[in-house]
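Down below is the structure, laid out as structure tokens.
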Amino acid sequence: MALDKSKALDTAVSQIERQFGKGSIMRMGDRASQKVASISTGSLALDLALGVGGVPRGRIVEIFGPESSGKTTLALHIIAEAQRAGGLAAFIDAEHALDPTYAEAIGVDLENLYFSQPDSGEQALEIADTLVRSGALDAVVIDSVAALVPRAEIEGEMGDSHVGLQARLMSQALRKLSGSLSRSGTTAIFINQLREKIGVMFGSPETTPGGRALKFYASVRMDIRRIGALKAGNETVGNQTRVKIVKNKVAPPFKEVTFDIMYGEGISREGSLLDVGIEQGVIQKSGAWFAYGEERIGQGRENARKFLKEHPEIRDRITREVYERLGLGGEEREELEGRAEPVL
């Protein structure tokens, strides 16, 4: 009986491969690699919380939060990390609000960044789909879902009702995109805003625009919030930011991390390293002082962060020791640094 089942299945597999091509169906054990390849986010703490060393390749990722919370900054860091690993990226600026000077300060290679400011939601998503199907991109960012205005709404009169148009547009686009992303190994990052539902008595009134499709299709959803200001004396130099991973299909969800976003600089690698280093016992904190072994690296968090920025050899030594404490070998370390090959 078992032999008959095996023969019947082999016949079915052969028929599927003749019709749809070799590799259209296979046993999971036959795949060369089952590890989820990733692109670093620029924050060591967030990479670890995501469980695979960053945002997964070949998947849809949603970053949402209030205004000025760091959504675009996080997306630009992912682009910078993809480029640093030798990859290509695109930024579709539906809001028409990208600051190239800030993007360059974060580390984005503007010379090799593909950039578009589309006229409508349909145009933006068609451009994204064409780029993804080329198979050449590592990451594409759409900023933002709320700004993907359907053509009918643009051409209509102010005040006209267009109920459900954007939700239908997103649903159709994501159905097309999801398969192309998986085949190409491209990560699609959708930035989204927050809206409030009227008349909600219990639970959170907050929701994201664009319908339910993005919530279903996204493998990772990150809620990013500004939770405090970073000061140097009386001057505010950055924001303390919290990210909650509200959905994760590739690792356990609901993890929360905090990191620093410095004005004009982006996510502070050194600040993130301090947090993870203390957590892993590599860096010692006594009162206001931070120390690495016998060496004091600063009094106060900002001074310790500056010390690590000015002494890259000590920063790299601490990073290596943190990886060792976490039990990460060379291959996993490459993934955390955003240099893993995409799984096609």
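If you go along the chain as it appears here, the first residue is 1 and each next one adds 1.
Just so it is clear, glycine is given a Cβ too, placed from its N, Cα and C backbone atoms.
The secondary structure of Ser68 (ATP binding site), as reduced to three states from DSSP, is coil rather than helix or strand. Swiss-Prot lists Gly65, Pro66, Glu67, Ser68, Ser69, Gly70, Lys71, Thr72 with the feature ATP binding site, giving sequence analysis as the kind of evidence.
In sequence order, Ile63, Phe64, Gly65, Asp143, Ser144, Ile191, Asn192, Ile224 are the residues of the chain that are 6 or more apart from Lys71 (ATP binding site) and have a CB within less than 8 Å of its CB.
The ATP site is set by Gly65, Pro66, Glu67, Ser68, Ser69, Gly70, Lys71, Thr72; from the centre of their CB atoms, other residues of the chain with a CB within 8 Å are Ile224, Arg225, Arg226. Taking a C-beta cut-off of under 8 Å and a sequence gap of six or more, Ser69 (ATP binding site) has these contacts in its own chain: Ile224, Arg225, Arg226, Thr241.
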